[in-house]
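Quick look at what TrEMBL lists:
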- 1-18: signal peptide (SIGNAL)
- 3-125: domain 'Ig-like' (DOMAIN)
- 141-163: transmembrane segment (TRANSMEM)
- 175-196: transmembrane segment (TRANSMEM)
- 208-228: transmembrane segment (TRANSMEM)
- 235-256: transmembrane segment (TRANSMEM)
- 268-291: transmembrane segment (TRANSMEM)
Amino acid sequence: MWPLVVLLLLGSACCGSAQLIFNITRSVEYTACNETVIIPCYVNNVEATNINEMYVKWKFRGKDIFTFDGAVEKTTRDNKFKSTKIIPQKLLNGIASLEMNKEEAVVGNYTCEVTELSREGETIIELKYRIVSWFSPNENILIVIFPILAVLLSWGQFGIVTLKYKSSLMKEKTILLFVGGLVLTIAVIVGAILFVPGEYSTKNSCGLGLIVVPTVILILLQYCVFMIGVWMSSFTIAILILQVLGYVLSVVGLSLCVSECTPVNGPLLISGLGIIALAELLGLVYMKLFASNQKTIQPPRNWKVSV
């Protein structure tokens, strides 16, 4: 009996393993940042020297979605997975990984079956989808907090002007300020709802745009408040220049971030929004100090609000 066992072992050593051995991969993940999805399938003991000896089949939930017959070099795809493909030249190296477009990828278990002449084997890989936030949590908070803070400070300036002016002419001007502030407030709130939380998408990009772009209204509102309440001085001009600088930085940061799934220019965007909020704070403090020194703020003569 021992001679028979020895012969069988020698035969196995000469002919190779009767089964294909796979490098086991339990699962693979993809995110919104992936343009393509690759499901790995690696065979460790391929001995074929010609693609004609290879046959590959991929299944999803028991249904064939992709096959490659090396004998006739024919590829077959399911209608729901038209972008699927493998690289036939890599089969001889044991690589039968499946590649597809992200839009066609479906979460679930995929089966990779490889046949090499009389040997065959299969492995199951689970495809998972992982949600990744567009910005980091801290960046998300700052991107939302700074514009909201700037809007609140702008409303504080509006309150000072409203309390100081009693004439019907000033009421008309404050109505214009109120409408502008209301439009800005709605835009920022809607933008924040669309932006947080979430991953990189058209919805989040639109939300970020609604947060950043309308902040130009803050510059116009602060200019009007200064013209109504304290007139223009070197300090107020410096505040407006600072606010314009912040807006330029935030817009540049926005343009760079919306084109990236993993933005690296978030600090530039956040610094611009922070400068805008700082300018609003300085404007409010200046208005408060100026108003506290006067019982009633007299509007400059011959000044008109242009709309």
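Including glycine, each Cβ sits where the backbone N, Cα and C put it.
Keep in mind that TrEMBL annotations are predicted by a computer and have not been checked by a curator.
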Within-chain partners of the transmembrane segment (235-256) [C-beta distance under 8 Å, separation at least 6 from its ends]: 208-209, 212-213, 215-216, 218-219, 222-223, 226, 263, 265-276, 278-280, 282-283, 286
Surrounding residues of the transmembrane segment (175-196) on its own chain - C-beta under 8 Å, 6+ positions past either end: 140, 143-144, 147-148, 151, 154-155, 158, 161, 203-204, 206-212, 214-215, 217-218, 220-221, 224-225, 305, 307
For the transmembrane segment (141-163), distant same-chain residues with Cβ under 8 A (at least six beyond the ends): 135, 170, 174, 177-178, 181, 184-185, 188, 191-192, 195-196, 208, 211-212, 215, 218, 221-222, 225, 228-229, 266, 269-270, 273-274, 276-277, 280-281, 283-284, 287-288, 291, 297
Summary of DSSP states over the domain 'Ig-like' (3-125), given as helix, strand and coil counts: 28 helix, 53 strand, 42 coil
